[in-house]
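Record features, source Swiss-Prot:
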BINDING   Arg53, Pro54, Leu55, Ser56, Ile70, Tyr71, Arg72, Gly77, Thr78  FAD binding site
BINDING   Cys221, Cys226, Cys229, Cys244  [2Fe-2S] cluster binding site
DOMAIN    2-102  domain 'FAD-binding FR-type'
Amino acid sequence: MIGRERMTVASQRLIAERTYELTLSGRLVQEMRQPGQFVHVKVAASADPLLRRPLSLCHIDHKQGQCTIIYRQEGKGTALLAQKQPGDTVDVLGPLGNGFPLEAAPADSRALLVGGGIGVPPLYELAKQLTKRGVKVVSVLGFQTKAAVFYEEEFAAFGETHVATDDGSHGTAGRVTDVIEARSLEFDVLYACGPKPMLRALAERFPNRPVYLSLEERMGCGVGACFACVCHVPGSETAYKKVCSDGPVFRAGEVVL
């Protein structure tokens, strides 16, 4: 159920270049279940900036009543969010969207998780939940450079993990698709989140496989009312789907990337 709450900042720390890990406490956590969903955060009490920021859920801890989100400081909104200290509160709406289908990976199957940059965070909760279901998880994480790398050890706790950097400063030099090819990584189902070129490359590389992609789009309302995040459906000039409410996770081929 979607709710709204002024959640309390439990902790915040810089974990990579311009990348922050923010942990929030509140009753709204009990509504958070599906990996790949997101929350819409109002970063300031004033009307500037006006729009909420869509931030994916990285970790859900029902026992502690806490959720963790990871974001990159890009503009005024996230700069304000980066200033939040423990004890401060933020206005949170969520959980929103349709996340990754866990049922696509039955017990004893092999799931390949592929993340690019700030698309990595939602895959962490996915890795955790898949592992609990008896799924073998292999992760491939892509970043621009070593300074941008985060959560490598955290993913390694769930299984085989590979890192690629564009400049070769850490892990494999190149892209996530280079790692998949070089390592001949096999899978029964693939889950991915990251920039569109990466998602497009994965969809084209595995056209007849179960591939689920989480799209990153700018959003206005987060609930499907404003039509700011629509994407087209293949074979139609008029049909579309909304990333915020129909997604953000789609099966490859379901929408035009």
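Yeah, the Cβs are placed from backbone N, Cα and C, and that goes for glycine too.
Residue density at Arg72 (FAD binding site): 15 other Cβ atoms are found within 10 A of its Cβ, drawing on all protein chains shown. Comparing the Cα of Leu55 (FAD binding site) with the Cα of every entry in Cys226, Cys229, Cys244, these being the binding-site residues, the smallest distance points to Cys244. Cα to Cα, Cys229 ([2Fe-2S] cluster binding site) and Arg72 (FAD binding site) are separated by 20 Å. Packing around Cys226 ([2Fe-2S] cluster binding site) is summarised by its Cβ count: 14 other Cβ atoms lie within 10 angstroms of its Cβ, all protein chains included. Sequence-distant contacts of Arg53 (FAD binding site), defined as residues of its own chain at least six apart whose C-beta falls under 8 angstroms from its C-beta, comprise His40, Val41, Val43, Tyr71, Gly77, Thr78, Leu81.
Residue pair Ile70 (FAD binding site) / Cys226 ([2Fe-2S] cluster binding site) shows a Cα separation of 25 Å.
Along the domain 'FAD-binding FR-type' (2-102), the predicted structure has mean pLDDT 95. Taking only the Cα positions, the spacing between Cys226 ([2Fe-2S] cluster binding site) and Arg72 (FAD binding site) is 25 angstrom. The binding residues for FAD are recorded as Arg53, Pro54, Leu55, Ser56, Ile70, Tyr71, Arg72, Gly77, Thr78; their greatest pairwise CA distance is 16 Å.
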